[in-house]
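Pulled from Swiss-Prot, these are the features on record:
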- 1-230: region 'Pyrophosphorylase' (REGION)
- 10-13, K24, Q74, 79-80, 102-104, G142, E156, N171, N228, R317, K335, Y350, N361: UDP-N-acetyl-alpha-D-glucosamine binding site (BINDING)
- D104, N228: Mg(2+) binding site (BINDING)
- 231-251: region 'Linker' (REGION)
- 252-451: region 'N-acetyltransferase' (REGION)
- A364, N370, Y371, S389, A407, R424: acetyl-CoA binding site (BINDING)
Amino acid sequence: MNNPIAAIVLAAGKGTRMKSDLHKVLHPIAGRPMLLHLMASVDELSPAKKVVVVGDKADQLEAALSGTAELAVQEPQLGTGHAVRQAEAALSGFDGDVLILYGDVPFVPAATMRAMLDRLGASDAPAVVVLAFEPADPLQYGRVITDGDRVVKMVEHKDATDAERAVRLCNSGLMAARARDLFALLARVTDDNAAKEFYLVDIVNIANADGRLCAVVKTDPADVGGINSRAELAAAEAQWQAFRREEAMAAGASLRAPETVWFSWDTQLGRDVTIEPNVVFGPGVKIADGATIRAFSHIEGATIGAGCEVGPFARLRPGTVLGEKAKIGNFVEVKKAVLGAGAKANHLTYLGDATVGAGANIGAGTITCNYDGYFKHQTQIGERAFIGSNSALVAPVKIGADAIVAAGSTVTLDVGDGELRIVRGEQLVKPGWADRFHDAMRKKKAAEQKK
């Protein structure tokens, strides 16, 4: 039977290289805090316990986690071994397997965590499992010296011999151990080093000295990249986006210029979706089969139906719902608006706090005037209604089914089904007036030039 699982996530560092008032592990990747990327992978294992070790800006972490994990405070911060020990009280009475993870290493797949736990549960019963990798440039990393998959020694780069530096297998910092072994070993770690800190890696050396097996599991370097600076954050974003683009195309979406499309962590695409260059998706976007998103569109919090066309240069904001084959064209902004099947707003329009019936046509320059300075109000446009260009619909207002609003109208009262509403000033015709005006102005200008 599988042992229960606990995850200890270290997130107590100050993150000074980020130069930010926001906690390092809360900086977003694809619109989601990096810590929550990691926690989502942890959740795939159905852990019995999750403990996040916090220090600086603990209140921010508490808010972000929203009660989904227990918090343990590390104060003062005396190294990684000391940090893990702060989780001991939260795991009191827990007799299972423990994963030790880092909040600034967000891309560890659940499958890699499972591989570590499987190795921990093997018949040779290792005391500690170390996750290691082979980076392109191992210069900065501690080395993992092995005999087969047995860890013989772990050594920091600065302390390594030339022969040890030639080894390319490096320590990711991630480990797994049984709870009873982990805390017993940590109790024996000392701060007998120049930094006067308690190092987590020392549990491997202690276990080896006891004659216990310490095993290694290898992973791809991309899975264990740490984020300590804005440059590394940007690199992590690029890594995530590249993976997601490949995933989207493999699932049946067409990306005309993949490197220019930016997804959110939760973007959902149907089959045969086409995305043109320079499109940005914020959180909460669902796109059904066969929709087309044209260039330079920005979409967040929107549900887009099958066969819809959006853009170019469109902005869909939270609360937008487009029915099947609806069209939103260039320089159209939509917020908290529901458009029925086949409804169209092809250019230069704002639709906010509105419902638009199936087959309705919204002319260029139409504005739903939804805000009175204090409250938002609803505009309701019926099925097959036609709103002429340059119209202002002052909410709250209802436009009936099959109604027509003439171009240039400012509508403040409801329009019934099938009605024509024209709201314009009187059109005056003054024959010859323009000729007389130009003649007078030319004479005046000539007189001024003679002075």
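The backbone N, Cα and C atoms fix where each Cβ goes, glycine too.
Of all the binding-site residues in the list N228, N370, Y371, S389, R424, the shortest Cα-Cα distance to G13 (UDP-N-acetyl-alpha-D-glucosamine binding site) is found for N228. Within its own chain, R424 (acetyl-CoA binding site) has A406, G408, S409 as residues 6 or more apart in sequence whose C-beta sits under 8 angstroms from its own.
Cα separation, S389 (acetyl-CoA binding site) to D104 (Mg(2+) binding site), rounded: 52 Å. Of the recorded residues, G103 (UDP-N-acetyl-alpha-D-glucosamine binding site) and N228 (Mg(2+) binding site) place their C-alpha atoms 11 Å from one another.
The shortest Cα-Cα distance between D104 (Mg(2+) binding site) and any of the binding-site residues L10, E156, N361, A407 is the one to L10. For A407 (acetyl-CoA binding site), the spatially nearest entry among the binding-site residues L10, N228, R317 is R317, judged by CA separation.
In the region 'Linker' (231-251), helix, strand and coil residues by DSSP number 20 helix, 0 strand, 1 coil. Annotation note: G13 (UDP-N-acetyl-alpha-D-glucosamine binding site) sits in a coil segment as assigned by DSSP. Cβ neighbour density within 10 Å is lowest for N228 among the binding-site residues N228, N361, N370, S389. With respect to their backbone Cα atoms, G79 (UDP-N-acetyl-alpha-D-glucosamine binding site) and Y371 (acetyl-CoA binding site) stand 54 Å from each other. Burial estimate for the binding-site residues (D104, E156): highest at D104, by number of other CB atoms within 10 Å. Ranking the binding-site residues A364, A407 by other CB atoms within 10 A of the CB puts A407 at the bottom. Within 10 Å of the Cβ of Y371 (acetyl-CoA binding site) there are 12 other Cβ atoms, across all protein chains. You'll find the Cα of N228 (Mg(2+) binding site) roughly 51 Å from the Cα of N361 (UDP-N-acetyl-alpha-D-glucosamine binding site).
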